[in-house]
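Asks: To start, I am sharing the structure in question, which I have written as structure tokens.
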Amino acid sequence: MADSHAPVSAMKTTILPVDTGKITCIKAIPGDDLLDDLEIDLNDTEDAQHIRYAASQLKTSNIPVAFPTETVYGLGADATRSSAVQGIYKAKQRPADNPLIVHFASLKQLRDVLRPNAVQTNGHVLAPEVTAGLSTFGARIPANILALALIKFADVPVAAPSANASTKPSPTAAEHVKFDLDGRIEIIIDGGLCEVGVESTVVDGLSSPPMILRPGGVSLEQLRTCPGWENVRIGYKNSAEEKPKAPGMKYRHYSPKAKVVLYESEADAPSWEDIKEYGKVGMITTRCWKVDHSNASALFTKKHCEIVNGQAASETNEETTRGFARLIANTLHATPVSRKGIMLHRLTRPGGSGIELFGLALGPDTAGIARGVFAALRELDRVDVDVILVEGIDEAEGTTAAAIMNRLRKAAEVNVPG
């Protein structure tokens, strides 16, 4: 077991690849609409051994383990041990006054925390560092087979924020984690690219009506299909509290090294005047912006806006499969998540000087933008641009769009209103 007090430089960070299709037989108990408990049988493949090893480290070590979820990669530690949870803050170099979400493999495991047995004398199961002084905690069951298997075999609730260095863009691939936390942690489980791309939705279920504290991968419409939650409301616009109730509500987050300038959906596209002081410019486009090589004064045009089924369809269309059966289908038969390539434009400013414009087009689909936005910020940072211009979208389209804009506003140094 690694010593949590060892110098950071002494740690070797290893990426352990795991193919979900090779590791396990898994089924829900009692049915496929309610994840009450799990039976997981890991086989003897190398991939399955990686899960067993990572689970044992989670249970016994004070060094956190990075693992994939459907949203972003998480940095997990045993939520019942203070020394383990402190390892998360140390690795991320994150303030300890921001609460952590606790991850469970099943409702049974969650109930064991909510209803501790008589052996525990203080009535508290979770380490105090998890709640950051609050009387409540956030609970999540990931919709990802690798995450569920890891938590199940660790047999402990797992506290896990995103597996990035504090304030940096959230990681949606194992190499993003390695880039940020190399030398600070020992194990990264590589399950491929994340399907959703923005962090989980956080809901205060104790308020009446329930309030969304942080928008994320689960939409307002999806939440309202839950019995008793038909009147869920949005609460994150009024949540500038000294003690945040959810992660990501207090400090600047998701920021690359380069200056980020966010253009709201109705804002005019950037002009030469906006970038005249920069030599290397990054550009993240969604629906409307196009580089206009024919217009020396405009730089961009917004004449070619792309709308896919009004965009609302990408957030509201529901699959017919529900519950655990849907989880299995999504994980074992997931649509491959593609990487976006950078396009380099070498342009000449009015007056003759040159500029390098590095463009990443995320496309018009809201789900595609969510999957790619953090990776795009990271990719442009890697080519050392001076500034990143981001084309925003209309957050009124739905909760996923709101989640995207919520993260981008936290990343931006400058916000250009519409």
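Cβ coordinates come from backbone N, Cα and C, glycine included.
Computed from a predicted structure; not experimentally measured.
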Asks: Please state which member of SER200, SER207, SER208, SER219 TrEMBL lists alongside THR71, HIS103, ARG140, ALA160 for binding L-threonine.
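Replies: Candidate in the recorded L-threonine site: SER200.
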Asks: Determine which of SER106, SER170 appears in TrEMBL for the same ATP site as ARG94, ASN98, THR136, SER162, ARG214, TYR254.
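Replies: ATP site check in TrEMBL: besides ARG94, ASN98, THR136, SER162, ARG214, TYR254, the record includes SER170 out of SER106, SER170.
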Asks: Which of THR136, SER162 has the fewest nearby Cβ atoms, counting only those within 10 Å, among these binding-site residues?
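Replies: Result for the binding-site residues THR136, SER162: minimum number of other Cβ atoms within 10 Å at THR136.
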Asks: How many Å lie between the Cα of THR136 (ATP binding site) and the Cα of ALA160 (L-threonine binding site)?
Replies: 16
Asks: With ARG94 (ATP binding site) as the reference Cα, tell me which of the binding-site residues THR71, ARG140, ALA160, SER200 is the closest one.
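Replies: Smallest Cα separation from ARG94 (ATP binding site) among THR71, ARG140, ALA160, SER200: ALA160.
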Asks: Compute all pairwise C-alpha distances among ARG94, ASN98, THR136, SER162, SER170, ARG214, TYR254, the residues listed as binding ATP, and give the largest one in whole angstrom.
Replies: 25
